[in-house]
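Colleague: Pasting the relevant annotations from TrEMBL:
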- CYS137-CYS155: disulfide bond (DISULFID)
- CYS179-CYS191: disulfide bond (DISULFID)
- CYS186-CYS204: disulfide bond (DISULFID)
- CYS198-CYS213: disulfide bond (DISULFID)
Amino acid sequence: MCLNERDQGRSVRLQGAEVKKVQEFKYLGSTVQCDGDCGKEVKRRVQAGWSGWRKVSGVLCDRRVPARLKGKVYKTVVRPALLYGLETVAVRQRQEAEMEVAEMKMLRFSLGVTRLDRIRNEYIRGTAHVASSDFRCENGQCVSAFFVCDGDEDCDDGGDEWPQSCHAEAPVTLASHQCHSMEFRCGSGECIHGSWKCDGDAGCLDGSDEAGCSKFVVPNLLCQSYTPL
């Protein structure tokens, strides 16, 4: 039984046995604090996330594995452990920031990037295809803000490319658009992440990011070159 200041002198009995008073308890694997805070559970989730990350670090830290595949592994193994049970918890802003910091550290380690490289978080997320909830599509879907107005529809309803979402900015498909240093300019004009070049999946509208690449880049990396640590 949860205990608060007004219940200090009270006791509850069930079938003649006094129910123990506690400050916190576990329910369905999650820690419930009687004061309504969820700080301890958030810390447990962060630790669980790092534990999951370490289990697959042999893949996530292998430079031969494409960034997009690393993102899929992260979303399949690590993120569920990090967020388990928190959908029913009122997470405070500082605790949300704590989880955001932990996730960005994992993604940066996975891609071999440090903060000294001065690369924005959204570029890191975009490279790994691990989107934050910075842009909400009209149908409720969330995509990374990095993908808004990039010339490619990432929302199922295409809302990230609608004029009202782009604020009347020039589309990135124009040759005059300045690509970021981490990006690759397609023959069709748009800019995509540099890591998407030769990853076995056409990211450019004209497929120029896969031109001159080995036809089986990803299968070779996974089936022949990669050796588990």
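Placement of Cβ uses the backbone N, Cα and C atoms for every residue, glycine included.
TrEMBL labels come from automatic prediction, so no person has curated them.
Looking at the shown structure, can you explain where the listed features end up?
Modeller: Secondary structure at CYS137 (disulfide bond), as computed by DSSP, is coil.
Packing around CYS179 (disulfide bond) is summarised by its Cβ count: 14 other Cβ atoms lie within 10 angstroms of its Cβ, all protein chains included.
Counting only same-chain residues six or more apart in sequence, the Cβ atoms lying under 8 angstroms from the Cβ of CYS204 (disulfide bond) belong to CYS186, GLY187, SER188, GLU190, ILE192, GLU210.
Around the Cβ of CYS213 (disulfide bond), a 10 Å sphere holds 12 further Cβ atoms from the protein chains shown.
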Colleague: Would you count the other C-beta atoms found within 10 angstroms of the C-beta of CYS191 (disulfide bond) for me?
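Modeller: Here the count is 19.
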Colleague: Given the disulfide-bonded residues CYS137, CYS155, CYS198, CYS213, state which is nearest to CYS191 (disulfide bond) when distance is taken between Cα atoms.
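Modeller: When the Cα distances are compared, CYS198 comes out closest.
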Colleague: Based on Cβ atoms within 10 Å, give me the single least packed residue among the disulfide-bonded residues CYS137, CYS155, CYS186, CYS198.
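Modeller: Least crowded of the disulfide-bonded residues CYS137, CYS155, CYS186, CYS198, by Cβ count within 10 Å, is CYS198.
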Colleague: Please identify, among the disulfide-bonded residues CYS179, CYS198, CYS213, the one with the smallest Cα-Cα distance to CYS137 (disulfide bond).
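Modeller: Comparing Cα positions, the candidate nearest CYS137 (disulfide bond) turns out to be CYS179.
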